[in-house]
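Colleague: Take this structure, written in C-alpha cells, and hold onto it; I'll ask about it next.
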C-alpha cells in the first residue's frame, strides 16, 4: 500500500481541485452500521414501508418508533480517522469540496468547514406545515401514541427529520453543488461508498468524463474500479491515516 499511497499523495499535492465523496463505509469505524451489507440497517425490514413520506403522514407513530430505534444511536457517534483526515485535508487546502451520502454530521464534528449533504442531516428537523427548521433534539423523544408525535413549537405541524426520506427528492442545492464540484475536479476520491446508489454514484463518472482522475478507498469492488487510477482495499481510516502521515499532516 505504501508505494500507492506515496503516488497518490504526490497527485493530491499537485491537484488544483480535489473533491471527495463519502458513503456509509466512512462512518463504520465510528461504530455505525452501513445500509447495504448483511448486517446493515435495512437487513430485516422494508425501509420504504416505514422511512417514507407516506409513512410519516399516515402512520406517524410507527414512523417515529422505527426512526428512533434505527437512528438514535447515530446522535452519540464520534468522528473517526476518516472524518479527521478529510477535515485536515480541507484545512490544508488540499481538498476543495467534500460531498457525503451520510446523515450523521460526523464530518462537521471533525471540523470540516464545508460539507455538501446529499441525503440531509440528522442534526435538524423541519415542520411539514410551515417549513421552519429546528435542532434535532425536538424529535429525540419516545413516541408511543399520537400525543407523543413531535410537533412544531411555532405552528403545531408534524416535524420531519432532516434526513431525505424515501419518496422525497434530494435537495436541489446540494445536487447542483455536487455536480458542479464533480465537473471541476481533477482528482476525485470515493471513500467508503459501494457506488450502488444514484445519483451520487454518477458524480465520479462526471469527474472522469471531464478529465479527472479517480481514487477509490473501499473494502469491496465498485463498478468504477476499471476507471480508477488508485484503488485502496484497506479500511478507509487505515489508508487515509497513511496518507496523512505521508503528507506530514497531524490530526
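Please read every residue number as a count from 1 along the shown chain.
In case you wondered, yes, glycine gets a Cβ from its N, Cα and C as well.
Checked Swiss-Prot, it gives:
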- 119: active site, proton acceptor (ACT_SITE)
- 24, 28, 35, 36, 101, 103, 104, 119, 193, 194, 218: NAD(+) binding site (BINDING)
- 35, 103, 104: nicotinamide binding site (BINDING)
- 127, 130, 152, 155: Zn(2+) binding site (BINDING)
- 1-250: domain 'Deacetylase sirtuin-type' (DOMAIN)
Colleague: Could you say whether, by DSSP, residue 127 (Zn(2+) binding site) belongs to a helix, a strand or a coil region?
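Modeller: For residue 127 (Zn(2+) binding site) - judged by DSSP and reduced to three states - the answer is strand.
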Colleague: By the DSSP assignment reduced to helix, strand and coil, which category contains residue 24 (NAD(+) binding site)?
Modeller: helix
Colleague: Please list, in sequence order, every residue of the chain apart from 127, 130, 152, 155 whose Cβ lies within 8 Å of the Cβ centroid of the Zn(2+) site.
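Modeller: Those within range, site residues removed, are 128, 129, 131, 132, 151, 154, 156, 157, 159.
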Colleague: Using C-alpha positions only, work out which of the recorded positions 119, 127, 130, 152, 155 is nearest to residue 104 (NAD(+) binding site).
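Modeller: Answer for the nearest of the recorded positions: 119.
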Colleague: What Cα-Cα separation, expressed in whole Å, is found between residue 103 (nicotinamide binding site) and residue 155 (Zn(2+) binding site)?
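Modeller: So the alpha carbons of residue 103 (nicotinamide binding site) and residue 155 (Zn(2+) binding site) sit roughly 26 Å from each other.
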Colleague: Fill in the CA-CA distance, residue 218 (NAD(+) binding site) to the residue listed as 'active site, proton acceptor', as an integer in Å.
Modeller: 20
Colleague: Mind giving me a neighbour count for residue 193 (NAD(+) binding site)? Other Cβ atoms within 10 Å of its Cβ, every protein chain shown.
Modeller: 27
Colleague: What does the structure give for the C-alpha distance between residue 193 (NAD(+) binding site) and residue 152 (Zn(2+) binding site)? Integer Å is fine.
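Modeller: Cα-Cα distance, residue 193 (NAD(+) binding site) to residue 152 (Zn(2+) binding site): 35 Å.
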Colleague: Which recorded positions from the set 119, 127, 130, 152, 155 come within 10 angstroms of residue 101 (NAD(+) binding site), judged by C-alpha positions?
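Modeller: Candidates kept after distance check: 119.
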Colleague: Could you round the CA separation between residue 155 (Zn(2+) binding site) and the residue listed as 'active site, proton acceptor' to a whole angstrom and send it over?
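Modeller: Distance between the two Cα atoms comes out at 26 Å.
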Colleague: Give the number of CB atoms, excluding that of residue 155 (Zn(2+) binding site) itself, located within 10 Å of its CB.
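Modeller: Residue 155 (Zn(2+) binding site) is surrounded by 12 other Cβ atoms within 10 Å.
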Colleague: What is the number of other Cβ atoms found within 10 Å of the Cβ of residue 152 (Zn(2+) binding site)?
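Modeller: So the Cβ neighbour count for residue 152 (Zn(2+) binding site) comes to 20.
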Colleague: Between the Cα atoms of residue 152 (Zn(2+) binding site) and residue 24 (NAD(+) binding site), what distance do you get, rounded to the nearest Å?
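Modeller: With the alpha carbons as reference points, the distance is 30 Å.
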